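Shown next, in structure tokens, is the structure this report addresses.
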Amino acid sequence: MIFAKKTEAAGFKAGVKDYRLTYYTPDYKVKDTDILAAFRVTPQPGVPPEEAAAAVAAESSTGTWTTVWTDGLTSLDRYKGRCYFIETFEGQKDNQFICYIAYPLDLFEEGSVTNLFTSIVGNVFGFKALRAIRLEDLRIPVAYVKTFEGPPHGIQVERDKLNKYGRALLGCTIKPKLGLSAKNYGRAVYEGLRGGLDFTKDDENVNSQPFMRWRDRFLFVAEAIYKSQSETGEVKGHYLNATAGTSEEVLKRAECAKELGVPIVMHDFLTGGFTTNTSLSKYCRESGLLLHIHRAMHAVVDRQKNHGIHFRVLAKTLRLSGGDHLHSGTVVGKLEGDKDVTLGFVDLMRDDYVELDRSRGIYFTQDWASMGGVIPVASGGIHVWHMPALVDIFGDDACLQFGGGTLGHPWGNAPGAVANRVALEACIKIRNQGQNVLREGGNALREATKWSPELAAACEVWKEIKFEFDTIDTI
């Protein structure tokens, strides 16, 4: 009874009230320091858009399902998330809409993608009042961007380290992805690098299995790198996958790579986790190692149009966490990827300043300030006939990665690498002459086959191979 009197005197009124009374504020003026989020929301039948949107703002910031007396011990008006705009669509049977929410910067720990995601995409995705919810985009304010170190090195520093300019980089994932011994694996790496590739790569699930322990792989791959460099006079690299069961083991493997003198390591950032990724990125920056990032598991999170997190958000947060390369899809290969959507998040990975452009799925203008860019990696079901389209789509600041498109060459790995290098150089040549590479690229490849038997064989093998399916995730 005593406590009840004190509570009443303090003006606390227990009970449940609509979220929209507190968290829906259409008159709110967005601040430059706010983190902005665009959610695609599908509410349960009978739930008004304002209430559903306000529930998202509440549950991802200061709110809970009922009024609590400790609300009076802080300033909710300062710390709460606010839904400031709702965008509806005519003719939507499920009442789906886009809600825009502003979060005060004080809600988030500096330099922590882990904390950012825990708040914004935490409990709210299991909220019963919503049938589905998808985070379409985030606006990261410069004030928050500057609390992150970002990519270990960035695009320009990588080019300077490699001494390679004026064209995309060429890579290859070693296949079969599992089952090779370390020595045979090293041989496959050597053949690809000496044939003209800039990089070869561990597949995402190559860690340290009984058939090939990580240290053995690192040693044989380092030997392959040094041998191919001495023969070609070019800087070569292999993405040594440092992903492991613990963060300590990840850093241990990266340290071994540094001691061997190789230029780059790799991490599976979603399965490995953002905390480990940020720690590895810091180590790579201090050690001079480049960091290649694989997005294994991303489609579990981003492929469904109505629920999950769009890849453009994952790409933004990876840039904050740190990585010099990130797989981005190919548009033309075997993996999901709409062209306009892909170009949108490729710009978000590489550019310093990206304007709002809904035609490419970009909901907010993003200013990265001085943070370095991330090289997009096009990988998955691509071969020499795709080269003109890849050069047209991605330009120079990209890594084009041909796994089966190198190792599947009828004459072996090295000729497969030669074919890809010749195809790339042929497309770059006509582009630099002012020709339309998308329209004239096929003719350039046919012309190059007259003096490159390796390219001729590759063109013959893959002339009928296409991956033509409708894209699920469109604007």
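Numbers run from 1 along the shown chain.
Each Cβ is built from the backbone N, Cα and C atoms, and glycine gets one as well.
The active site, proton acceptor annotation in Swiss-Prot covers LYS175, HIS294 and is backed by sequence analysis. Residues annotated as substrate binding site in Swiss-Prot, with sequence analysis given as evidence: ASN123, THR173, LYS177, ARG295, HIS327, SER379. Under the heading Mg(2+) binding site, Swiss-Prot lists LYS201, ASP203, GLU204. Swiss-Prot lists LYS201 with the feature N6-carboxylysine. As annotated by Swiss-Prot, site 'Transition state stabilizer' applies to LYS334, with the evidence given as sequence analysis.
Projection of Swiss-Prot feature records onto the structure.
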residue	record	Cβ contacts under 8 Å, 6 or more apart
ASN123	substrate binding site	GLU59, SER60
THR173	substrate binding site	THR200, LYS201, ASP202, ASP203, SER379, GLN401, GLY403
LYS175	active site, proton acceptor	ASP203, GLY403, GLY404, LEU407
GLU204	Mg(2+) binding site	ASN241, THR243, ASP268, HIS294, ALA296
ARG295	substrate binding site	ASP268, PHE269, LEU270, PHE311, LEU314, LEU326, HIS327
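The number of other CB atoms found within 10 A of the CB of SER379 (substrate binding site), across every protein chain shown, is 24. Residues listed for substrate, ASN123, THR173, LYS177, ARG295, HIS327, SER379, cover a largest CA to CA span of 37 Å. Comparing the recorded positions LYS201, HIS294, HIS327 on other C-beta atoms within 10 angstroms of each C-beta gives the minimum for HIS327. Other residues of the same chain near the Mg(2+) site, with their Cβ within 8 Å of the Cβ centroid of LYS201, ASP203, GLU204, are THR173, ILE174, LYS177, ASP202, ASN205, VAL206, TYR239, ASN241, MET266, HIS294. LYS177 (substrate binding site) has a Cβ environment of 13 other Cβ atoms inside 10 Å.
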